[in-house]
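In TrEMBL this protein carries:
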REPEAT    B:12-50  repeat 'HEAT'
REPEAT    B:89-127  repeat 'HEAT'
REPEAT    B:166-204  repeat 'HEAT'
REPEAT    B:205-246  repeat 'HEAT'
REPEAT    B:247-285  repeat 'HEAT'
REPEAT    B:286-324  repeat 'HEAT'
REPEAT    B:374-412  repeat 'HEAT'
REPEAT    B:413-451  repeat 'HEAT'
REPEAT    B:530-568  repeat 'HEAT'
REPEAT    B:569-599  repeat 'HEAT'
Amino acid sequence: MSAATGPVTDKIDPFSKKQSVKKPKQKRSQASSRYKAKGGTELVPLPQLKDAPPAEQHELFIKKLQQCSVVFDFMDSVSDLKGKEIKRASLNELVDYITAGRGVLTEQVYPEVVKMIASNIFRTLPPSENTEFDPEEDDPTLEASWPHLQIVYEFFLRFLESPDFQPSIAKKYIDQKFVLQLLELFDSEDPRERDFLKTVLHRIYGKFLGLRAFIRKQINHIFLKFIYETEHFNGVGELLEILGSIINGFALPLKAEHKQFLIKVLIPLHKAKSLSLYHAQLAYCVVQFLEKDATLTEPVVRGLLKFWPKTCSQKEVMFLGEIEEILDVIEPSQFVRIQEPLFKQISKCVSSPHFQVAERALYFWNNEYVMSLIEENSNVIMPIMFPNLYRISKEHWNQTIVALVYNVLKTFMEMNSKLFDELTANYKAERQKERKKEKEREELWKKLDGLEINATVNNKEVKSVPPTSTNTPVAGGSPAVGTRYAPYSPTAHRLMAK
Amino acid sequence: MAASDSDDSLYPIAVLIDELRNEDVQLRLNSIKKLSTIALALGVERTRSELIPFLTDTIYDEDEVLLALAEQLGNFTPLVGGQEHVHCLLPPLESLATVEETVVRDKAVESLRKIAADHSTADLEAHFVPLVKRLASGDWFTSRTSACGLFSVPYPRVSSQVKAELRTHFRNLCGDDTPMVRRAAAGKMGEFAKVLELEYLKSDLIPLWTNLASDEQVQNDSVRLLAVEACVSIASILPREDLESLVMPTLKNAAEDKSWRVRYMVADKFTELQVAVGPEITKSDLAPAFQGLLKDCEAEVRAAAANKVKEFCENLPADVRETTIMTNILPCVKWSFFLQELVTDANQHVKSALASVIMGLSPILGKDNTVEHLLPLFLIMLKDECPEVRLNIISNLDCVNRVIGITQLSQSLLPAIVELAEDTKWRVRLAIIEYMPLLAGQLGQDFFDEKLNNLCMAWLVDHVYAIREAATNNLKKLVEKFGSEWATSKIVPKVVAMAQDPNYLHRMTTLFCVNVLAEVCGVEVTVSVFLPVVLKLASDAVPNVRFNVAKTLQKIGGLFDAETVNSQLKPCLDKLKTDQDFDVKYYASEAILVLTEAA
């Protein structure tokens, strides 16, 4: 579009009123969803634990736990202030009590503790204030009941980390159903809550061996639902962070279940539109896998190429970053297997009109290890890269890119000057060949379109008359045909095997 | 490559294979989209013996290509030889029904359902049902998810033994270990219920449904949600006496589920449920439940219920309609609307939802009730601080207009319109513009000239393009309503004056106005008033204006006789064709081309 070159008044500033359009910054929004929270239970302050005689402390501890199981409506900020304060104080006391006291976690305490935690943290998450919530742009809706919830989580952690804590007793109460509800909470919009949940789940995974497989499976389900059904789940990053350390601990050789998780869950996670929120954690997980088992490199790279972003440049930059992380740990034998499809993609990125994409791809040439791999395989990579590099060295609008491209071409020249000269000399001829091929293709399709018309006409005839005309391309039973097909069938069932 | 030009009959398949391997996805996509052409050219026999096996075996591609393939195969029955051979399409579609990408799978299932109808009963049992069973017991969840959608189509046509097997498989899917599969099963339960015999519906499906509706995974409300959807179908099939015992307890629970999502779903499906359960249960059970939803603690739920108020009231049995509305529904509506004034966290969605349906109650309640009970509400809503609320009232004016006329409202209407017209959100301005022609018609020409004309002209110089564009279209509709004489005196002078504006965007607006007004104003006005202005703008300093002149001339050229075209339009365009700006040249030559062709 032509730029306006008229007088200054010609320039209208479409944003001039933006200030007035934007509402004054609202206070951070809060939400909480409790359906028909039971009211009417008035809390009566109990004596302080530290003032009670040791013999009565245990009973009082349980009483306080029961007291703290009562939940309050925080959306109504003025209701039952007294009760809220009593509960807050009790919670704080409980935290101190199990942190400082030894031998307080008797067997009878476990069900009460878990019950108290469950009744506080397990709840239906409130609807998002902002239906178009964009975690990158908008402030999250915070949990209104956080003043209590925070201390409950704090208590939960102290409980799990207590030297007296015995998983063999706790597993009766912290069971699959409990974990399932815990995992659902990772969708909380409140980052403070997700942070606590992350630590909590990590501790549970560490202490309850019997729940590990179950936890992994449920995380799988959450991710698959996120990828294929809703594209919405706030805690993907946190779950990936936990998985990063879980993967780190996998024994070798990797189980089929774990490989399947990498290929069928982690790789497809790359295609969600909110990738930027968890990409760092995701890339870490992927690289962890490759460090464990180098033979996974090929399916991983091919997977990434399959989900390569078509329109989102920002995501493309992330993909390139991840590819470089993979290349950093790649074994030369694996590199050879993926170099061709990979560098075809890199060649496209290098010539991207979006300079950040081009720049990110060109930075690969600053990486010494990557350079050494390219050098070893220059006879394959140079012919793939050369045409696009040569073209954009003349055409790209961004001077930084042009400079970087010159550098890359220079390294190629130093690597293999003979091949470089050949490529330069053949460049024009190759382009002409390409154009010719293109033209041939076009003609093929034109002919095919002609056939379509013929076929439609003929088909109408076919319905009434058997195909006798030699013109009709219904030459059934030609013996030559079977052999013509032969080369294509052996690659069968890749779809199923995928 | 197998291409051999000597044998013309092999040509298309060679092209297909070549193109299927092309690096460019778009080209691969093209060849898949031409699949039917190729099959047609190959003939039914070779399509069956070669093309289909080839597709089954070798396709591994981007999801976009697979999607196109899945779609194509659904229409392939005649291309493989009709009913008798249609089962040869099952293998490729079976593969496609197992891929990861939901869109591809759904399309494959859709195509499978389509071709199921083309199967003979024998083939259905011999080929189609085994496929369903294979998918239903697949390893990876994707195949089981796809299977859920394939039960209802073959079921009515197979033997009772096979039916029993299908029911067993469906039951297993409902209890699947993976929530994705349970969700899919719950989602398809409604359609399966419709083809099931009543006795099995009661003995098999309803217990399954009750189970899903109380999905044990307490926090996992996503399955319970879908059970609500299935409820509509199930309720519409069952006789009334069974409804009360088999469905209503579950439905009542759902309306009071602790997850707001489930309650939201009940609210969202409320009128469908109402129709399904019939008038008696509506009176006894649904009306109280609806009141509950209108007063729900979660705004999302209230908004969903609010959206259904009008339809719910319309569907009420005639004998109780008016009393129910007056004594039960209207108080809830008021409560729900004014509640917002009390709490700090005002929810606009609920208010605007109520505003959008409440006008619809007017025809149901009749003139007297409207004047007495609804009118005060309308007036309050017209003054609401939230623009969507006011807008929703204005956009539904015609309902009230039919009952009491809008004179009673016009006093409050005008300030509301003016305020909306100047709202800071352009979407709000856009919405009110769209109602201008309607308002103009109802308020009359005099009222319009006096109060609204200036607004309409002000929008032409709005700083948002979408508003300027809508404003020009609005002018056209107004002229259609009030006639070209009105146009010449009231709006044309202002439009023409804008051609002198120092802001090039306003000068362009003149051109856009001419584009839409030329025809409705007639040739005379166009030649004498518009054309000179347009031609003058051809020498504007800003290229955007100049190429829009070319576009305008192209658009209005058809109105003129050959002489005007040759003596005035052509010379101007010829000059623009030699412009130094690329775009101007482009549009000028395009216009010349069109005008020459027309002549």
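FYI, residue positions are counted from 1 along the chain as it appears here.
Glycine is no exception: its Cβ is also placed from the backbone N, Cα and C atoms.
From a predicted model like this one, the values you see are computed outputs, not experimental measurements.
With helix defined as DSSP H, G or I and strand as E or B, the repeat 'HEAT' (B:530-568) counts 32 helix, 0 strand, 7 coil. Tertiary proximity for the repeat 'HEAT' (B:247-285) is limited to same-chain residues at least six positions away from its ends with a CB under 8 Å from its CB atoms, namely 206, 209-210, 213-214, 221-222, 224-225, 227-229, 231-236, 238, 240, 292-293, 296, 298, 300-301, 304-305, 307-308, 311-312, 315-317, 320, 324. The list of residues near the repeat 'HEAT' (B:286-324) in space but at least 6 beyond its ends in sequence, with Cβ under 8 angstroms from a Cβ of it, reads 252, 255-256, 260, 263-264, 266-268, 270-271, 273-275, 277, 279, 332-333, 335-336, 347, 349-350, 353-354, 356-358, 360-361, 364-365, 369.
Packing against the repeat 'HEAT' (B:413-451) from elsewhere in the chain are residues 382-383, 387-388, 390-391, 393-395, 397-398, 401, 406, 458-459, 462, 464, 466-467, 470-471, 474, 477-478, 481-482, 486, 490: each is 6 or more residues past its ends and has a CB under 8 Å from a CB in it. Averaged over the repeat 'HEAT' (B:530-568), the predicted model has a pLDDT of 89.
Residues of the repeat 'HEAT' (B:413-451) grouped by DSSP class, helix first, strand second and coil last, total 34 helix, 0 strand, 5 coil. According to DSSP, the secondary structure content of the repeat 'HEAT' (B:89-127) in residues is 30 helix, 0 strand, 9 coil.
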